[in-house]
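Working notes for the structure below.
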Amino acid sequence: MALPSNFLLGVCCFAWLCFLSSLSSQASTEESQSGASENVESEADPWSLLLPVDGTDRSGLLPPLFKVLSDRRGETPKLQPDSRALYYMKKLYKTYATKEGVPKPSRSHLYNTVRLFSPCAQQEQAPSNQVTGPLPMVDLLFNLDRVTAMEHLLKSVLLYTLNNSASSSSTVTCMCDLVVKEAMSSGRAPPRAPYSFTLKKHRWIEIDVTSLLQPLVTSSERSIHLSVNFTCTKDQVPEDGVFSMPLSVPPSLILYLNDTSTQAYHSWQSLQSTWRPLQHPGQAGVAARPVKEEAIEVERSPRRRRGQKAIRSEAKGPLLTASFNLSEYFKQFLFPQNECELHDFRLSFSQLKWDNWIVAPHRYNPRYCKGDCPRAVRHRYGSPVHTMVQNIIYEKLDPSVPRPSCVPGKYSPLSVLTIEPDGSIAYKEYEDMIATRCTCR
């Protein structure tokens, strides 16, 4: 009886070992498959590295620009804007921002968002519906779904693009009749405004329609229906001189908006810190110019330290006295070799597979802070007193308390020109996108 019992025990042990080995192989296979899928997903969606495991941003920790683009998942916009409209917005971008995407401090406008919409529908009416002139009116329908509730209209412009054949040295007086379809039932006469310009010097015609569209945009109207008649008279010639403007494409609608959300950059809040005179009262011959405080603190501080070091070395000469060595010893506590400072990190939006959306800038340098924080940090880094207290606690009382970390202390905004999913073009200024100063906290 002992032999069969031992045999049964051996069979059970062998079966149990086989079961455990199959479980371990299955777990390793699933782990490798999940790791491979995670690698594929991270390659396909670079922003997935910024999200939790389930891919949702519950805490709202994503930077505003990254959050906007992460919702699009790298898809190509379904509609592409007209090339002339895109060219106009690129020129606008160069006027407002530098090549690196930083908003120019010389600008004085209050809007931080500009949206260009192309008409989603265009229909030419019959001649019986004309308001004035020999040309029929053109119906234009603009879809404003991309305008958010936090974006307030400051100015609206109807943009016409002129053909190259329209160049002329003659003075042309243009009359434009605009009718908002929703307002025709009230029986009011269509607004009319004269514009005088020389075609040779203009590629675009901008017609201010703020007074017409302000009530509609304020009331969150998502669809604007306009009827437009655009005729011009050359050299003030009477009726036989009236001709049609050679327009290459239907007009676009441009909205200049003030985005009041927290993710947008509000330039009027930093005007005092951006501009300041360099001369004191009573001084003459010194011109006032814009001064960027962040640039001064970031760029001049290292140079000043290097200059002071050179002066001290020249004064001391080749003699290495004990006092000089002692000063060098104490200086390593105040200015460590691997001190906390800004570092560049230049990347291209094509590396993140966001170049389908972002037209400008092509490259982005967010910069980052790296290095050791010295013991005396308040004067140089603008750190609070708490940082010094934390340093003392770490050194004297409890080493488990972390030392102050080298982190960004100030940021600058980033101007971005993007193509929206509906084919519209948007210029936006995002807050806190480029580190400009480091601090220890």
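Positions of Cβ are set from backbone N, Cα and C atoms, glycine also.
Per Swiss-Prot, the disulphide partner of Cys440 among Cys369, Cys373 is Cys373. For Cys369, the cysteine that Swiss-Prot lists as its disulphide partner among Cys232, Cys438 is Cys438.
When Swiss-Prot is consulted, the disulfide partner of Cys340, picked from Cys232, Cys406, turns out to be Cys406. Taking only the Cα positions, the spacing between Cys438 (disulfide bond) and Asn258 (N-linked glycosylation site) is 30 angstrom. The disulfide-bonded residues under consideration are Cys340, Cys369, Cys406, Cys440. Their Cβ neighbour counts within 10 Å are lowest for Cys369.
Considering only the disulfide-bonded residues Cys373, Cys438, the Cβ with the fewest other Cβ atoms within 10 Å is that of Cys373. The CA atom of Cys440 (disulfide bond) is located 34 Å away from the CA atom of Asn258 (N-linked glycosylation site).
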